[in-house]
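Take this structure, written in structure tokens, and hold onto it; I'll ask about it next.
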Amino acid sequence: MNNFELEKIVNKKLNSNQYNDVIPNGLQIEGRPKIKKIVTGVTACQLLIDLAISNNAHGIIVHHGLFWDNHPKIIKGIYRHRIKSILANNINLYSWHFPLDVHPILGNNAQIGHILNINVRGYIKSCVPWGMLKEPIKSKDMSQLITQKFHRVPFYYGNNITQNIHKIAWCSGKGQKFINFIPEYGVDTFLTGEVSEETIHFAHENKLHFFSIGHHASEINGIKALTNWLKIKFSLDINFINIDNPI
């Protein structure tokens with residue numbers, strides 16, 4: 001497949017042109033024109049790049065790319081090494097960030113809802129869906145379910161709450177700031193990737209169950225879903241590689 005054609009296909013599938021993002025979505029570094037083998041992962045870290053090189057990959061697709069609005073516009077240190085490795089091996093680097101968070105089927109949030117069997121009822125923000133469990137469950141049972149499904153013991157806070165979990169809002173990745181919008185929707189639980197100090201106070205004072213399942217763990221299933229879609233739809237030689245991250 002042509003490298004620019006692959007970019008167009010995924011841009012169309014994820015409706016990338018609809019969003020203003022903090023990164024350039026699509027092809028971030030141009031490599032060889034013809035792509036036969038692709039490696040995918042959550043983040044364009046050196047470990048993933050090295051594995052792509054050792055696997056003779058022509059392309060890398062990630063959720064977290066190399067270029068961000070808030071990053072210095074200077075290429076040095078680890079970023080120089082990453083970019084040099086990609087260019088020296090004529091590899092195409094693609095990244096889809098927000099579009100892969102919010103896609104209604106392949107997106108990270110959609111995947112979380114599907115995995116936890118949450119019936120989506122609406123959206124508090126475009127990246128913050130809310131929904132209902134079929135039956136209320138205890139917080140310890142939700143923790144066990146998350147551990148089983150995401151292979152990660154979640155951080156949980158809800159020491160002052162006696163009611164069970166039923167109505168949940170969630171946001172993949174670094175979504176803890178969105179807890180501020182939760183109370184007015186009558187949600188009893190908020191789940192996201194990361195946690196901040198002030199998150200605990202807000203959850204406590206609003207009597208909310210709070211779960212942090214890990215940034216990486218909350219965003220692993222979107223890129224896996226995109227990988228599977230490309231493999232089935234276009235018969236590509238494409239494989240996901242998990243570079244585990246405890247955060």
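Glycine is no exception: its Cβ is also placed from the backbone N, Cα and C atoms.
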Per Swiss-Prot, which one of His63, His71, His81 shares the divalent metal cation 1 site with Asp101, Glu219?
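Site partner of Asp101, Glu219 for divalent metal cation 1, according to Swiss-Prot: His63.
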Check Swiss-Prot: it lists His215, Glu219 as binding divalent metal cation 2. Then name which of His58, His64 it lists for that same site.
His64
From the centroid of the CB atoms of His63, Asp101, Glu219, the recorded divalent metal cation 1 site, which same-chain residues not already listed sit within 8 A by their CB, in sequence order?
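Leaving out the recorded residues gives Val42, His64, His97, Leu100, Gly107, Asn108, Ser172, Gly173, Ser218, Gly222, Ile223.
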For Glu219 (divalent metal cation 1 binding site), just give me the three-state DSSP call.
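The three-state answer is coil.
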Could you state the whole-number distance in Å separating the C-alpha atoms of Glu219 (divalent metal cation 1 binding site) and His64 (divalent metal cation 2 binding site)?
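So the Cα of His64 (divalent metal cation 2 binding site) lies 10 Å away from that of Glu219 (divalent metal cation 1 binding site).
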